Amino acid sequence: MSTHLMPTYARQPINFVRGDGSYLYTADGTAYLDALTGIAVCGLGHCHPAITAAIQAQASELVHTSNLFEVSWQEKAADLLCQAAGMEQVFFANSGAEANECALKLARAYAHKQGKRRAKVIVMDNAFHGRTLLTVSATANPKARAGFYTLDEDFIRVPFGDAAAVATHSADADVCAVLVEPIQGEGGLHTPADDYLEQLAQICHDNDWLLMLDEVQTGNGRTGKYFAYQHSSITPDVLTTAKGLGNGFPVGACMVNGKAVGLFGAGSHGSTYGGTPLASRVVCAVYETLNDSIMQNAITQGDKIRAAVIYTFGDHGIHARGRGMMIGFAMPDTIDLTKAVDLARDEYRLIINVTGGNVIRLLPALTLSDADTQALIDKLCALIGKLIDAAQPSM
Ligand SMILES: *Cc1c(COP(=O)(O)O)cnc(C)c1O
């Protein structure tokens, strides 16, 4: 490992050189079934032909001009994305954290417009919103926050899934918005009750706050809808996304509706790289490829994986979480997951992740085939069986 890289990641000792659909390959040609897709990024699979073609074609035409000029691919991407997301306008950024930074600035602009003294945003326990200073301040994980003098006066933290806890801050005149993930990803695949977003939308409406949804991870078909909020009856005021938006090409988006429209004018926000012709053409290719049958597949295969594990190990206290291709298995405390990722990779050639301490997390491609779903189930059940055996006290 090069000592010239800042050691911000505890990396696994493996280097993939090629990807194709749901498989990753090392230099010697060994295939690994990828149930993580670059952390919910390559939702259409690695090197999807339509995305590769878009990158290749645009790379040889025009990569970047800046937002000082009209960018017709950016306009087309905005039309496609806003149409799918049910939102009015979009600002293109380059990552999830930047999209959320934009949302938090919108919240402050909204507070300012209302003549508020301060602009506090209500956020949740176990939330993850990014690594910039403002978004890491909105994030809950103590490891991500430690030592950075986070901007805690700007946030109020309440339990996730508890709308009543949000409502208790109605009397606080400094609050201007609620920022929440419809399903928490990094925080452990927590899935709230079906009416949670409806309740939050009502509270935000009653208090004239912005309801801001962080769909960086849940967006772009991951849960079986373009955006997870579309499983509910609400529309957010602000909606952010990234990850699956570029299928691996770095791009983020912050979208607005209704009362959040018109808060920014010329000069109030910007990004040199945001929405380049190249990034925008990739977004167009993703949204021209993503369709109902792919999203239905995400639901069908995701449900199959959850059902198979529960059917096989139901009596071992394992609980399935998530929706569509956002899959979590909360394991009982008796099972040690510290070696699960290494074991999955080295013994079963399966790429997984562990989050929240005791949750096996899978974020497979939305396009996972029947055969690959079965292969994933076989590998995963073998892995879990082995972990359970290791936890049995020896006779
Ligand atoms: C990954 C993630 C982010 C941060 O995105 P980056 O592209 O890493 O900046 C923010 N919010 C959620 C919910 C995420 O899953």
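Note that Cβ sites are derived from N, Cα and C of the backbone, with glycine treated the same way.
In the three-state DSSP reading, Val216 (pyridoxal 5'-phosphate binding site) counts as coil. In this view, Val216 (pyridoxal 5'-phosphate binding site) is surrounded by 28 other Cβ atoms within 10 Å of its Cβ, with every protein chain counted. Among the features that TrEMBL reports, pyridoxal 5'-phosphate binding site is placed at Gly96, Ala97, Phe128, Asp214, Glu215, Val216, Gln217, Thr272.
Positions annotated as N(2)-acetyl-L-ornithine binding site by TrEMBL: Arg131, Ser271. Residue environment of Ser271 (N(2)-acetyl-L-ornithine binding site) contains 17 other Cβ atoms, counted within 10 Å of its Cβ in all protein chains. Secondary structure from DSSP puts Ser271 (N(2)-acetyl-L-ornithine binding site) in coil.
As annotated by TrEMBL, N6-(pyridoxal phosphate)lysine applies to Lys243. Every protein chain considered, the tally of other Cβ atoms within 10 Å of the Cβ of Lys243 (N6-(pyridoxal phosphate)lysine) stands at 29.
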Nearest of the recorded positions (Arg131, Lys243, Ser271) to Glu215 (pyridoxal 5'-phosphate binding site), judged by Cα-Cα distance: Lys243
Neighbourhood of ligand 1 - binding-site residues from Gly96, Ala97, Asp214, Val216, Ser271, Thr272 with Cβ under 6 Å: Gly96, Ala97, Asp214, Val216
Listed binding-site residues (Gln217, Thr272), ranked by Cβ neighbours within 10 Å, top entry: Gln217
Other CB atoms within 10 A, centred on Arg131 (N(2)-acetyl-L-ornithine binding site): 14
